[in-house]
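Student: What TrEMBL records for this protein is below:
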BINDING   Thr144, Lys145, Ala146, Asp147, Gly196, Ser197, Ser198, Gly199, Val200, Gly201, Lys202, Ser203, Thr204  GTP binding site
BINDING   Cys280, Cys285, His287, Cys293  Zn(2+) binding site
DOMAIN    97-257  domain 'CP-type G'
DOMAIN    105-255  domain 'EngC GTPase'
REGION    320-340  region 'Disordered'
Amino acid sequence: MSGSDTSSSLERLGWSDFFAAQVEPGEAHLAPRRVASVHRARLEAIDANGPVGLELAANANTADFAVGDWVLADPLTDMLVRRLERKTLLQRHSEIRNGLQLAAANVDTLFIATSCNADFNPARLERYLIMAHQAGTRPVIVLTKADTAADADDYRRRAEALQRDLPVVVLNARSADAIETLKPWLGAGQTVALVGSSGVGKSTLVNTLAGSASETAQKTGTIREHDAQGRHTTTARSLHAIAGGGWVIDTPGIRTLYVSDVTDGIDTLFGDISELSEQCRFRDCTHVHEPGCAVQAAVASGQLDADRLGRWRTLIEESRSRTPVETGPRGNKVVRRKKY
Ligand SMILES: Nc1nc2c(ncn2[C@@H]2O[C@H](COP(=O)(O)OP(=O)(O)OP(=O)(O)O)[C@@H](O)[C@H]2O)c(=O)[nH]1
Ligand SMILES: [Zn+2]
C-alpha cells in the first residue's frame, strides 16, 4: 500500500495532522492503531484494514488507555510502543486510581441524549455540558422520542436556553431520519460518543447510526474472557463504524459521568454569568448579598433566570467540595484543596 493510501484510510479512522505531527522521524516504521476496546488484561485495536493485534509490555497497565486512543505499534510483533497525545479525553469518577478512570479519548463530539419527556432535566444536562467542555469535546443536545411528544419544540427551546449557540437536535432515535439530522457531526473520520440517562435511547441511536451490518458486528464483537479472579466476564467492542465514515464510541463507562473540579467547564457553560460578574463591584463577589452585584441586578431586571443562577451556585459548590480526594497513610481520606 502506498504512503498516501495508508494515510487516507487512516484518516477515515480519525487520524489527523494532530497525531501525524507527533510521530518522530525514528518512528516512521511503526504503525498507528486505534484502541477499540479496553479489557482488564488486554487491548483490542483497529487499523485501516480492520481488527488488529496489540501486544502489551509486561509492566503495562490497560487502565492507562481509553477507547479511541491512538498508539504506535511495531507492525511485525504487534507490540505497543507508545500512546500518542490525546486531542480530547473523557474521564469518569471511580473508587480506584485516585478517583478518575479514563472513559474515551479523541472524541470530537459528545451527543448528550435526553428524551422529550420527564427525563428532561436542565441541571443534569448542564452537568453533561460541563463534562464535554472539560474534556475538550463539542456538545450537541440530542432530544429523542420527538415522535411521542405533544410539543417537541418546547423541549428544543428549553435546551437551547442552556448555553449560547448550543446545537440542539430533535429526533426519533428509531427512525433512519436520525442519521440525516445528525449528519453534520458524523463526517468521515469524526468520532462521537453518547451520554445520557438509562432509557433515553442511546442504544437505539447507536443501532440506527451503525445500521444492521454493524449490529451484527457488535454481537460478534462480544467475547467472554477470564478476569484476574478467573471469573467469566462478557465485554464488547466499543468503537463502532457509522454509515458515512464516522465512529461512535459506546462504552458503559461513559454513559453516565460526574462533575468535579471543573471550573473551566462551568465558566464556558455559564458564559453569561461569568461576563456579568466582571461588572460586579467586588472581584470576589459571590452574587448573594454584595452591593453593586451585576448578576443580582440581571436577575432583578429579568435578564437572568434565578433558577439558572441557583444551578450555577450548586455546581460551583459541588466542584469545590469534590476536588480530588487522596487516601492518607491509614486509609483515611485527605482532601487536597484547590482554587475555586
Ligand atoms: N418512540 C420512540 N421510542 C424510542 C426512541 N428512542 C428510544 N426509544 C425506545 O426507548 C426504549 C429505551 O431505549 P434504549 O435505546 O434502550 O435506551 P438507552 O439509553 O440505551 O438505555 P440504557 O441502555 O439503559 O442506558 C426502547 O424501547 C426504545 O425502543 C425514540 O426516539 N422514539
Ligand atoms: Zn456579583
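The backbone N, Cα and C atoms fix where each Cβ goes, glycine too.
Set these features in their place in the structure for me.
Tutor: For the recorded site, Thr144 (GTP binding site), the DSSP three-state label reads strand. Thr144 (GTP binding site) counts 29 other C-beta atoms within 10 Å of its own C-beta, drawing on all protein chains shown.
With a cut-off of 8 Å between CB atoms and residues at least 6 apart in sequence, the same chain places His287, Glu290, Gly292, Cys293, Ala294, Val295 near Cys280 (Zn(2+) binding site), listed in sequence order.
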Student: Filter the candidate list Thr144, Cys280, Cys285, His287, Cys293 of binding-site residues, keeping only entries whose CB is under 6 Å from an atom of ligand 2.
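Tutor: Close enough to ligand 2 are Cys280, Cys285, His287, Cys293.
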Student: Ligand 1 is in the model; which of the binding-site residues Thr144, Cys280, Cys285, His287, Cys293 have a C-beta less than 6 angstroms from one of its atoms?
Tutor: Thr144
Student: Give the three-state DSSP assignment (helix, strand or coil) for Lys202 (GTP binding site).
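Tutor: Going by the DSSP assignment, Lys202 (GTP binding site) falls within a helical segment, counted as helix.
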Student: Roughly where does the domain 'CP-type G' (97-257) sit in mean pLDDT, to the nearest integer?
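Tutor: Taking every residue of the domain 'CP-type G' (97-257) together, the mean pLDDT is 81.
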Student: Please report how many Å separate the Cα atom of Lys202 (GTP binding site) from that of Cys285 (Zn(2+) binding site), as a whole number.
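Tutor: Cα to Cα, Lys202 (GTP binding site) and Cys285 (Zn(2+) binding site) are separated by 41 Å.
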